[in-house]
Amino acid sequence: MIDSEALESERVKLKRDIADLRANLNRKEQCLRELEAAIAAGEDSDEAEESSNDMPTPQTKLTNDDIARYSRQLILQDFGVQGQLKLKNSSVLIVGMGGLGCPAAQYLVAAGCGHLGLIDYDEVERSNLHRQILHSEHRCGMSKAESARIALLELNSHCQIRCHSRLINSMNAMHIIRPYDVVLDCSDNVATRYLLNDACVMLRKPLVSGSALKMDGQLTVYGYGQGPCYRCIYPVPPPPEAVTNCGDGGVLGAVTGIIGAMQALEAIKVIIGLGDVMSGRLLIFDGSSFMFRNIRIRTKRPNCHVCSAQPLITELIDYEMFCGMHATDKDNPLDLLEPDQRLEVKEYHQKLQSQPHLLLDVRPPAEFEICQLPRSINVPLSEILDDSYLKRFAKQLEDKELPIVLLCRRGNDSQIAAQHIKNRFPAHSIRDLVGGLHAWTGSVDATFPIY
């Protein structure tokens, strides 16, 4: 007997795949045209990157165009001509051309930073566009570094921009960072934070660090003057299950814009010696109440493994191993459960879905409202961890034969929930869905929305 529902799902999936391929082809052709135009203009970033690590001869005079363009900041008493010249001769590396890196780069280029390095391994996606303001719809599929470079050169064609379209790691970090004066950590990634911190300490480069999640943001400067480094504050990385990125926790685009702009400001202050740099202090921004807090953080740790007088770490290490997590925010799956405690979405669809069971969706209510599987019940992870779900499901939990299936967006929070419930009810059949709703869309129902 023909399964019309399955055929319709496959038809929709094929149409979506064809549309995606056509859109990707159009994007690639547009990228090719733009890159060929850049090469023809003598601005090929790969050639620039391989040519030399030496920056051009310092400029000692502002041009008439410089004076006209930067006049509003030239007339600032503490900035002036000398400040503009320092900025013109400066070189800044931005690691991560996402929600933080885009506004930071935009303001640095607009202010007249002479040399900018952009590093990002990733390509532009539609889900980036609400906060990564240098990218555009027609550049989806293009390298983020190249996409940002195109937008920045439209803003200021006098800025020299190098693209590093690769993942920064222990093998290439020292070589990439060495020619730059200041580094901006816009990665929002724990393993990369430790990598950049250690490399910048070893190379004596100030590190302007920003982060943003949900409605909150933070900003500080590490390794500046006698201030602490990142390891002084966080000598031990957090457990992987305690880390949330904007892909899982969400973020409001304007929050990343605020923090990224402030990172640019701190970089400018470091370069020209302006004001009181945010070293030894942490700026905390709460977007929901629009409150800024400026708090003191600890001083340099005398026994810091990297920045102390006798460091234990004198060369870069394997930071993914050290942190127990990948150096990207792309599909970082947790591995908390044994294979027999997990359930593939196809197996669930084919066998268990038609049988009595309890399907608990542990996403927050806002995410559950976006989309949900039939018969699923929303029980946020927080309710499971504080055991407030027990009273609600007391009757079902009395039945040890009733299978309990945990579900989330990507299969991480569901593992945490399954582990917690299993510890409390070891005799019950408790499993989570591998890959969560993303896997459901990819393997079962192509019409199910992805976010």
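In case you wondered, yes, glycine gets a Cβ from its N, Cα and C as well.
Of the residues Gly99, Gly101, Gly112, Swiss-Prot places Gly99 in the same ATP site as Asp120, Ser127, Asn128, Leu129, His130, Arg131, Lys144, Asp188, Asn189. Spatially, by CA atoms, the recorded positions Thr60, Cys229, Cys304, Cys307, Cys408 include one closest to Ser127 (ATP binding site), and that is Cys408.
Per-residue confidence over the domain 'Rhodanese' (353-449) averages out at a pLDDT of 93.
Around the Cβ of Ser127 (ATP binding site), a 10 Å sphere holds 12 further Cβ atoms from the protein chains shown. In space, Asp188 is the closest of the recorded positions Gly99, Asp188, Cys408 to Cys307 (Zn(2+) binding site), judged by Cα positions.
Its Cβ placed at the centre, Leu129 (ATP binding site) has 15 other Cβ atoms within 10 Å.
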